[in-house]
Every structure is written in structure tokens, then in C-alpha cells.
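So that you can see what the record holds, here are the features copied from TrEMBL:
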ACT_SITE  H106  active site, proton acceptor
BINDING   11-30, 88-91, 172-174, A216  NAD(+) binding site
BINDING   Y55, R58  substrate binding site
DOMAIN    1-230  domain 'Deacetylase sirtuin-type'
Amino acid sequence: MERKKLVVLTGAGISAESGIATFRDANGLWEGHDVMEVASPEGWQKNQALVLDFYNQRRKQAFQAKPNPGHLALAELEKKFAVTVITQNVDHLHEQAGSTNVIHLHGSLFQSRSTADESLVYPIKGWELKLGDKCEKNSQLRPNIVWFGEMVPLMDQAIAETQQADIFMVVGTSLMVYPAAGLVHYVPAKAPIYVIDPNLPAVNKRTNMHLISEKAGVALPELAQKLLQAV
Ligand code: APR
């Protein structure tokens, strides 16, 4: 029998129990910075060194982080489901946990890209990207991260996956940032939606919606066991 398709939208909350700070749990400050200073094209124009340093620190932190039971439960679901993880996170904890099909909607901490040609993307070796690090066209490299006000290149792919979901989950995201937050509207009516967040985001009520007000590291392993046993 064909495997059911499980599509999961994750946000910063799924990595919280791995020690990575979320964005909106601290008054709009992100590790002490105004997000617009460090995560927008305007911020980059204003102070490239600050932005590079900010992401260098995030990268350093991400190297030390380990997947938690929430990430591991999503990987385990691949035993019986065709799982697609659509994550807003730029860490690689889903991959480290063993998830094999991860769409990084907002880019990756571990890649740089050219400021002259956005198709030029490179792996970052080690933790540091510096002023003066250049692409093959001799322009400064920036983090390959989708900043506020920028296009989300993988959005069409994420929508297509969502439209095929048999089961959909929303885990650890405040659903404040579009277009990612709009993905929920593409879930087929017959597919159940599970929302897991200790501080549940506002979502339109519909039938077949399960709101679970709990941490991902607690709720996801339980839900995964339930779903795996039901197959
Ligand atoms: N388990 C599950 N959810 C949690 C946990 C936990 N242990 N801890 C916190 N949360 C929830 C919070 O209640 C909140 O709803 O995680 C959510 C985090 O929300 P945000 O900080 O807004 O993060 P996110 O939704 O991923 O942000 C989206 O905004 O800044 C941009 O591009 C950035 O990808 C990011 C996007």
C-alpha cells in the first residue's frame, strides 16, 4: 500500500529544547538584536560586519546544538510515512536527527551566497564568514538566508507539497511571518491538522484540527507513536 504523505511545517520552537533561541519569545529582540538590523537587506546595507558576526555566532551555537526528541520523532515517522519537513529554521537539526526530505524555506546557516548572483551558493566551512570572503565573481559573500522583505524561492515547492498532504502538522511556529504562515490554507480539507506549541498560534478553526498545547519534545514523540501504531 502506498505510504501516506505527512507534511510538517516547523519553526523556531522545535529547536528551542535544543538550546536555540526562538525569535518572538523575547520582545522582538533576537539574542539582543533588533531583527531588522540583522535580518533584512537594509540591515545588511547598513552594517555588513554586524550581520556577518551575528550569523557567525548563530552558526557557532548551532554547531553545539543536538536534535531533541521532537526532531527525532519526525525522523522516526519516515518508517511508515512519506514525510516532508518544511522548516523555517536555518539550523540543520532535522537532518541531524535523520529526516531525509527537508525544505529550508528561509535558507541555511551553513551556506553562503554571492551578492552579485544569487544562484551562486557555497557551503560554509567552519563557523565563520568574513568581510572580504568573495564569490567567483569577486563580490562579497552573505549568508544564504531569506531575510525580511526578500522572496522565498522554495515557496512554490512548499505549497505543492502541502496540497498533497494526507496529514499536516504545524510545530513551534508563531505563524506571524508570511508567506510561510499561509501554507496552512493549502492543506486539503480531508487532511487532519495537528498544531503543537505550548503557546498555540492563532489558526482558523476547521474540522479535523487538533490543538496540542505542549512542548514539541514532549508532544511529538507521543503523537508519532500514536500515528505509527495506527498504520
Ligand atoms: N516546543 C514547541 N513550540 C515552542 C517551544 C517548544 N519547546 N518553545 C517555544 N515554542 C513556540 C512559541 O510559543 C512560538 O509560538 O515556538 C514559536 C516560535 O515562534 P517565533 O519565535 O515567531 O519563530 P518562527 O515562527 O519560526 O519565526 C518565523 O520569523 O524571524 C523570522 O525568518 C525568521 O524563520 C523565522 C520566522
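Cβ from N, Cα, C; glycine included.
The average pLDDT computed over the domain 'Deacetylase sirtuin-type' (1-230) stands at 95. Among the binding-site residues listed (S15, G19, F23, Y55), F23 have a CB atom closer than 6 Å to some atom of ligand 1, in sequence order.
Between G11 (NAD(+) binding site) and the residue listed as 'active site, proton acceptor', the C-alpha separation comes to 10 Å. Counting other C-beta atoms within 10 Å of each candidate's C-beta, the binding-site residues F23, Y55 are led by Y55. Neighbour counts of Cβ atoms within 10 Å were compared across the binding-site residues G11, G19, G172; the minimum falls on G19. If you compare Cα positions, G19 (NAD(+) binding site) sits closest to R58 out of the recorded positions Y55, R58, H106. Cβ neighbour count for R58 (substrate binding site) (all protein chains, 10 Å cutoff from its Cβ): 21.
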